[in-house]
């Protein structure tokens, strides 16, 4: 998984025989045992492990749900109720799967904003970041199709709204819509193929996750200072340090997960989805799941169908260009006093968009949505490129070790180090 | 070895075979993709279920909107009141987003009957009848407003509610879907 030569030496005769034929133990050893991680990474760096756990949890619970679920327009809703009422522990597996999707997104949003704060998208980690954007896109497609499967009112109308969004694409939109529907409207063929694709995509995510980890292990992990690893003193071995820290963080995260599953399993859902799908009545208030709300607000902010669709897709696609939109060479926001303020404004703007996405599209909500949408794009397309030229960053530590030991003055930082602004260095 | 270097200048039989084989593989690959994509288009049973449907208009009272389905799509059959017809006809067509006179949206001699698709042209929600500023329809999802001719008058919907293909077979009966393509 990395170009580091393996120091793994098999002990048993069988181990030697096996390793010379398939060096997988050596790969694991070099990637997850002796692999050097920066000694200063904080708990925000445990979300990669938490996300791996959530992916595994979703696949495991999903495989079991598929044993009882029936992907047919007239049977799907009943089969979900069958899982909830009759199947032994069916309620648990379904609540784990439904809330697991939300927990997956909680973790991925922390993971993304961690990357934004510490500049983890900057060279040499551009491909790593873009693979992450691809995983995020696959996650959204998977979550959307999964939400359609219970075939309740929100499932049906969510599918209708989203497939109509795709119809706004010029030239090929109608063809794409027809291929998704498999009919003249959202119906049984749609449900069938959504089930098939919902089962497929998590394995594609797992594939891209492997590439993501591979791309991570080439330059190594970023860290809260953004200063690259310069010597062995800057690092600790992955096992036991990162392994135990990841396991502990995952266990804490599981407490949050369990709280939702056991105490408020329907808190993040919509009551309307316990009403069977009815194509002649739209629920009074269509809202997507919480993790889509900021993008839904952007979609509705533009008073033009195609324009809204373009803005919504652009709001995600812009992330892929982040490594080149951010002109500052300083990675960590800890050393960027101006960007630090804009970072938190962006966080607030995203939360505001999420709140607006849940509100009805009328009155001043529309105007605020438009302002918040405009700011979202201004942040990435105007503020970020300009800041790199305007901002005077704080002096960086000479090494990770120095930042950990809190060395100040003396030999640590010559006075001249401050003279050169780090912005273009 | 000298031969192989001079061979670059002039195409050889091997180059031809290489390109011909590649082209055959590309055509073969594309032909294999075709049936898989075709399998995702509406199947024969779905097409058969999309046959025209008859709607008897006699039980529909004046002012009433009845919902019917054709090809899984919702269709509004609206028996308009004289006031609603007048409101629809008295509009300056040039001011509309999708300019269409009311006469183009009903069959000649059947002005009381408005038959339109029942999904908002924005993102497909079902608008609520007799509501909104023009008492036509109002979409609760994203706020589109339609008049009593089903024309968009406000909100994000880009075009009017479309008219499905239909004919009057008698004064009290219509057939929806006649002459429609599969």
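A Cβ is built for glycine as well, from the same backbone N, Cα and C atoms used for every other residue.
Since this is a predicted model, take the numbers as computed values, not measurements.
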Open item on the list: In TrEMBL, one of A:337-358, A:403-424 is tagged transmembrane segment. Which stretch would that be?
Closed with: A:337-358
- [ ] Please check if the transmembrane segment (A:127-149) comes into contact with the transmembrane segment (A:196-216), where contact means 3 or more CB pairs closer than 8 Å and the residues in each pair are separated by 6 or more positions.
- [x] yes
Task: Residue from A:97, A:111, A:198 whose C-alpha is spatially nearest that of residue A:217 (ubiquinone binding site), among the binding-site residues - done: A:111
TODO: Kindly assign residue A:198 (heme b b562 binding site) to one of the three DSSP-derived states: helix, strand or coil.
DONE: helix
Open item on the list: Mean pLDDT for the domain 'Cytochrome b/b6 N-terminal region profile' (A:14-225), rounded to an integer?
Closed with: 95
